[in-house]
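K.L.:
I'd like to ask some things about the structure below.
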Amino acid sequence: MAISHGYIELADSLSSCKVLVVGAGGIGCELLKNLVLTGFKNIEVIDLDTIDVSNLNRQFLFQKKHVGKSKAQVAKESALQFCPSANITAYHDSIMNPEYNVEFFRKFMLVMNALDNRAARNHVNRMCLAADIPLIESGTAGYLGQVTVIKKGMTECYECQPKPTQKTFPGCTIRNTPSEPIHCIVWAKYLFNQLFGEEDADQEVSPDTADPEAAWKPEDTAARATASEKDGDIKRVSTKDWARSTGFDAVKLFNKLFKDDIMYLLTMDKLWKKRKAPTPLDWQQLEDSARPQEETPGSGLKDQQVLGVWGYCQLFQHSVETLSSHLQEKGEGAELVWDKDDPPAMDFVTAAANLRMHIFSMNMKSRFDVKSMAGNIIPAIATTNAVIAGLIVLEGLKILAGEVETCRTIFLNKCPNLRKKLLVPCVLDPPSANCYVCASKPEVTVKFNVHKTTVLALQDRILKERFGMVAPDVQIEDGKGTILISSEEGETEANNHKFLSDFGIRNGSRLQVDDFLQDYTLLVNVLHTEELEHDVEFEVVGEAPDKAPTPPSNQEEANSITNGNKDSAQPSTSSKAEDDSDDVMIVDSDEEEAASSATAKPAPSSGTKRKHSDAETGETSTKRPRTTQQSSAAADNDDDDDIIALD
């Protein structure tokens, strides 16, 4: 059988081209295997993570003997067993290290992401744009998955569509008025750090007397807090110091957290006018009333059982004793780090969270459910990773064959669509003219109070966290070129705790921000305001909370509250159709407009928008409806109903 000239050229290209794989986890393992078996010979892989026991059920390049070792290095060694002639270079490092600059990226013909966090994905997106190298982005969330291609000047970049920020909660909600299980789980994680880990003032767990909703006078009503007069008395001292003074006595700690602090909350009358008031717990009363049959083990897996209140009291006591023992073994000044895979730590959070849920009249959760939310994970499925990794290679082959225009965003659905297909392609969108990353002159307007925002908050909270910069330099456009922030260590540290208004920054000021590592410049327009909501530090104009879509109520989606799972290189943007009960993903399709199938669902009108769930945050983002007709080439695919937009 004759072999086409194009096929020979492509085979030669595979053996000679150099590709970069970022991430060696669930998708990364499958991808490395696929690449070497497809014929790729020059591969570099980078991952900062080490192998954990929990990885072994799906990251098949790793075995039990590899636990604790570098993922990138072990993945390289295992992949070479499939193709010993391949040349694989492994880096046990962060891709955000300055060593991996634009010149580093330029030596590759193709970059493939298999990451697990948004900050790194934003960074790789910018590096590939700066180096003008094609990027294949991917991700999985349970049974859902997606793959897309990003090419400078041709397609949307990863940051073209605004994404909701990681789900966070006001401190007063966590400390005073929890209304959802996740609020109690966050509180329990804070409590772990306050007792055993690194104390953080932003993670206080005691009642918040500054809650603006309470509007009470502590000096007038504190006398009504009938807290214990003994060691459990409420004192505004370090939680860890107080716990140490009691010898980490679990019963005294219990009565402080679940009795005294709750009674203190009850004195904040206004909080409970429209809410059901919490019910304090007392250890002695619970112990006296505990019935032996109450905690009889139920059927099913242990982690999926929900205990009774006394059962969680006992789990709390046991976990406190175990964790305090571990802390003492480490010596004076030692700290423990919370890890969802550490049984005592997980027991503590499960017990503390459930006791607080009970106090605030919520249904308690199993250890499995608490772990899913506390660890910010969606159960990972090996077959989803395998399918997505295969699609990455297929899109990569198109790029290397010089057929970028045929690349597609491809979505893997949990359930077949009306045409009984699980895989649904969508034509790639062009770059957004308003993107603050890939536009010709990136520009953004940020609203904040210049009299309350410090230089450090501008650097860390706005430029690094919100806009994904690594080492920003900031110059005020004041005619004098005042340097506000320098990435050179020590040059502008004296400015850190000064307010922006101290430098003459006011409404209408403009800041030029450069990140030389990312080869990225952003112009920030300052919009001064004194009317931000409580606990809101800033807003990006056009992404104000009143314009944000409502988070999904579906429990499966709600379980994903922050950064997706370890395999989520790309957050799912799936959303359920209003009349469907499955997890089919819906979006306005370009190919839908070109298709003429009589069974296709009608496209939304140009004035409508659809919402897409973000598996990282559990929130939704809105995809702009398409207003332009695509080329007739799209008509070859008439699957118009289950396509979603990459967020």
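Here, residue 1 is simply the first one shown, and the rest follow in order.
Glycine residues also receive a Cβ, built from the backbone N, Cα and C atoms like all the rest.
Pasting the relevant annotations from TrEMBL:
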type     : residues                       : note
ACT_SITE : Cys172                         : active site, glycyl thioester intermediate
BINDING  : Cys157, Cys160, Cys435, Cys438 : Zn(2+) binding site
COMPBIAS : 553-575                        : compositional bias 'Polar residues'
COMPBIAS : 579-594                        : compositional bias 'Acidic residues'
COMPBIAS : 636-647                        : compositional bias 'Acidic residues'
CROSSLNK : Lys163                         : SUMO1 cross-link
CROSSLNK : Lys189                         : SUMO cross-link
CROSSLNK : Lys235                         : SUMO1 cross-link
CROSSLNK : Lys256                         : SUMO cross-link
CROSSLNK : Lys414                         : SUMO1 cross-link
CROSSLNK : Lys623                         : SUMO cross-link
DOMAIN   : 543-640                        : domain 'SUMO-activating enzyme subunit 2 C-terminal'
K.L.:
Roughly how many Å lie between the Cα atoms of Cys435 (Zn(2+) binding site) and Lys256 (SUMO cross-link), rounded to a whole value?
P.N.:
50
K.L.:
Work through the recorded positions one by one (Cys172, Lys189, Lys256, Lys414) and name whichever has its CA nearest to the CA of Cys157 (Zn(2+) binding site).
P.N.:
Lys414
K.L.:
Give the sequence-ordered list of residues that share a chain with Lys189 (SUMO cross-link), lie 6 or more positions from it, and have CB atoms under 8 Å from its CB.
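P.N.:
Residues satisfying the criterion: Trp338, Val349, Ala374.
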K.L.:
Of the recorded positions Cys160, Lys256, Lys414, which one has its Cα closest to the Cα of the residue listed as 'active site, glycyl thioester intermediate'?
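P.N.:
Nearest by Cα distance to the residue listed as 'active site, glycyl thioester intermediate': Lys256.
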K.L.:
Compute the mean position of the Cβ atoms of Cys157, Cys160, Cys435, Cys438, which form the recorded Zn(2+) site, and then list in sequence order the other residues of that chain whose Cβ is within 8 Å of it.
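P.N.:
Those within range, site residues removed, are Leu129, Glu156, Tyr158, Glu159, Pro431, Ser432, Tyr436, Val437, Ala439.
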K.L.:
Would you kindly give the Cα-Cα distance separating Lys414 (SUMO1 cross-link) and Lys256 (SUMO cross-link), rounded to the nearest Å?
P.N.:
46
K.L.:
Give the residue from the binding-site residues Cys157, Cys435 that has the most other Cβ atoms within 10 Å of its Cβ, counting over every protein chain displayed.
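P.N.:
In terms of Cβ crowding, the pick is Cys157.
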K.L.:
Among the recorded sites Lys256, Lys414, point out the residue whose Cβ has the most other Cβ atoms within 10 Å, with all shown protein chains included in the count.
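P.N.:
Comparing the recorded sites Lys256, Lys414, the most crowded Cβ belongs to Lys256.
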K.L.:
What's the most sparsely packed of the recorded positions Cys160, Cys172, Cys438, counting other C-beta atoms within 10 A?
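P.N.:
Counting other Cβ atoms within 10 Å of each of the recorded positions Cys160, Cys172, Cys438, the minimum falls on Cys172.
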K.L.:
Averaged across the domain 'SUMO-activating enzyme subunit 2 C-terminal' (543-640), what pLDDT does the model get? Just tell me the whole number, please.
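P.N.:
Summarising the domain 'SUMO-activating enzyme subunit 2 C-terminal' (543-640) by its mean pLDDT gives 35.
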